[in-house]
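A.B. asks: What follows is a structure written as structure tokens; I'll ask about it next.
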């Protein structure tokens, strides 16, 4: 039986010999992987990718002629608050010399590419610059210290030729530091539109910014409508700002970017962001994920709601916290890691779309002098083989250290390809494209104690099993291990780099073995699928007429049927059909959440649940209600006649709880909502305390939404 299984594996996984450790030359992903779902052209799905987050300024100076001059620049990079010279040409150089390809990286997440302020800012006697990219002034121009538009286009083109996607950081929450009373401070938060001044923070007569002071982060509302530190906070309920950011992101999409990382999503109205995402998906849909900072692995209701309802994924801080606690800080054990995976799978509708990571530019690096290299290598192996889209912070493969800003943003120390961390990444990263169990699979714990975790990823008939022993001094005897691996002998994909061993399976029962101290091993089986099996649908929402990409296995070559709920889509509405990918037009059905299924050769696939169909083009509307007094424990909610307002439900799909502290004060309440454009809405507010509902009286309120821009509708409680 194993000989047959082995033939299937060799015939369906082009990279098998590479994964087993043979010295095949590394080819770009576009050359190795023939499946459509794994191609660099698949901008809607990053499940088969490994992201490499790079601080552009800190990576490599490929063009010294574009470096800043004077006090803003330190070519030695000893002053980490100044520019160090890294640019897009430096990235191009490392793409061309195959550093990223040899590492196994298939997506680069670069610093925000837009023009930042040129002024330096003195904080506590230290000169600060916008090297990080988060002090924008013009979202329609490039940061000249990174390169020109031509340079950026060259970066995208060069990356694509090597099978590498480009993700841009994007920060529509704010412009740059400003002081209300001092127009000479920095650049007064001024916003420009391709060189033309839109407005500054002081004397903001057009209401482009919020002027509510700095946030103390005590509530979600406080963090949204007040300034993030001293950054000039943009008012997304202003039609000019709304249009500006829809136009600005389209400019970068038209340059060919493949993904967007949205900064500070916790600090912008969810309703505006959903309307913005709808405009992106209607233009050129790309994988988008946001930053919602969490300080622990504990569930957060607002974070979960955003991940499930906003139209974008999130950086998975719950995953990050659990991994750091277990592997870096020794403050919890493998049971906590397993619990995190179980809890997040239950909480996040599309858990495989959340972006996993072990460190980034806003926290201490994983590696310190007190953290053994093996713990870093194990954390990398876990992240690369776990659910979600893995992101590796630049320099991790070189064991770069640094606690806090700016030390966690140091200069790339070397480009060695011989470190163990580099080796671990390069061996495991290709699994995401060769074995769909890693890209799309479910997760099941198979063996566990405080220090050892053995888990299985499974998709269809494809399987991967990963064993990690974080105890660096004590081996563990593994008995009674049962998996879905077919009968046969399986070699460690890592080739023993982390002291892993081979195993033998007999009908899924694994012969007893000893997992060495500090060992990590990965065993995998890849099989072809004859049954249609959906792994991913992207984007996660869209309006009728948008094209959606369905990825998976076993769809066959003959065009079948796609179902949105019970609505069948056939014929020309299916724009392409391949064994691993289908592109289909969303049918003209009512807005709401739908299960997507595929029928091929008379066989129905699994259901991919919670795909959101919008009622049409979206606009952001602020709903305000006056004189809504409440008793202790009561909050104000909104519902109405479209799915975006909950279709008259008082349950989880209703809107709220409304806010009443910053833009308006109690007993006036407000909330920003993404609703269909150019449509007459009917709606009502209600009070809710647990299961107790109190509706306002009178007839339904009505409001016709604008066809573009934003609006505010204000009513009195009746």
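Using the three backbone atoms N, Cα and C, a Cβ is placed for every residue, glycine included.
Annotations per Swiss-Prot:
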SIGNAL    1-34  signal peptide
REGION    35-172  region 'A1'
BINDING   61, 63, 66, 67, 85, 87  Ca(2+) 1 binding site
DISULFID  77-84  disulfide bond
BINDING   134, 135, 174, 227, 228, 229, 230, 261, 266, 267, 361, 405, 409  substrate binding site
REGION    173-236  region 'B'
BINDING   173, 224, 233, 267  Ca(2+) 2 binding site
REGION    237-440  region 'A2'
ACT_SITE  291  active site, proton donor
SITE      362  site 'Transition state stabilizer'
REGION    441-528  region 'C'
REGION    529-614  region 'D'
DOMAIN    613-718  domain 'CBM20'
REGION    615-718  region 'E'
A.B. asks: Hey, does the region 'D' (529-614) touch the region 'A1' (35-172), meaning at least 3 C-beta pairs closer than 8 angstroms, sequence gap 6 or more?
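C.D. replies: Taking Cβ pairs at least 6 residues apart, the region 'D' (529-614) and the region 'A1' (35-172) are in contact, with 3 or more under 8 Å.
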A.B. asks: Rank aside, I only need the closest one: which of the recorded positions 84, 228, 362 has its C-alpha nearest to that of residue 173 (Ca(2+) 2 binding site)?
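C.D. replies: So, spelling it out, the nearest of the recorded positions is 228.
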A.B. asks: Name the residues of the same chain, 6+ apart in sequence, whose Cβ is under 8 Å from the Cβ of residue 77 (disulfide bond)?
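C.D. replies: The list for residue 77 (disulfide bond) reads 58, 84, 85, 410, 411, given in order along the sequence.
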A.B. asks: Would you please pick out, from the recorded positions 87, 230, 233, 291, 362, the one with the fewest other Cβ atoms within 10 Å of its Cβ?
C.D. replies: 362
A.B. asks: Going by DSSP, how much of the region 'E' (615-718) is helix, how much is strand and how much is coil, in residues?
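C.D. replies: Summed by class, the stretch gives 3 helix, 50 strand, 51 coil.
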A.B. asks: What number of additional C-beta atoms lies within 10 angstroms of the C-beta atom of residue 361 (substrate binding site)?
C.D. replies: 19
A.B. asks: Taking just the CA atoms, what is the gap between residue 230 (substrate binding site) and residue 63 (Ca(2+) 1 binding site) in Å?
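C.D. replies: With the alpha carbons as reference points, the distance is 32 Å.
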A.B. asks: Of 228, 233, 361, 362, 409, which is closest to residue 61 (Ca(2+) 1 binding site) if I measure between C-alpha atoms? They're all recorded positions.
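C.D. replies: That would be 409, nearest by Cα distance.
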A.B. asks: Neighbour count, 10 Å Cβ-Cβ cut-off, for residue 61 (Ca(2+) 1 binding site): what number do you get?
C.D. replies: 20
A.B. asks: I'd like the Cβ neighbour count for residue 85 (Ca(2+) 1 binding site), meaning other Cβ atoms within 10 Å of its Cβ, all protein chains included.
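C.D. replies: Around residue 85 (Ca(2+) 1 binding site), other Cβ atoms within 10 Å: 25.
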A.B. asks: Taking 10 A as the limit, how many CB atoms besides its own sit near the CB of residue 266 (substrate binding site)?
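C.D. replies: I count 22 other Cβ atoms within 10 Å of it.
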A.B. asks: Which residues, sitting 6 or more apart from residue 409 (substrate binding site) on the same chain, put a CB under 8 Å from its CB?
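C.D. replies: Within the chain, residue 409 (substrate binding site) has Cβ neighbours under 8 Å at 55, 58, 80, 132, 361, 402.
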A.B. asks: What's the number of neighbouring CB atoms sitting within 10 A of the CB on residue 66 (Ca(2+) 1 binding site)?
C.D. replies: 18
A.B. asks: Which residues, in sequence order, are found in the same chain with Cβ within 8 Å of the centroid defined by the Cβ atoms of 61, 63, 66, 67, 85, 87 at the Ca(2+) 1 site, excluding those residues themselves?
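C.D. replies: Once 61, 63, 66, 67, 85, 87 are set aside, the remaining close residues are 62, 64, 65, 86, 89, 90, 145, 146.
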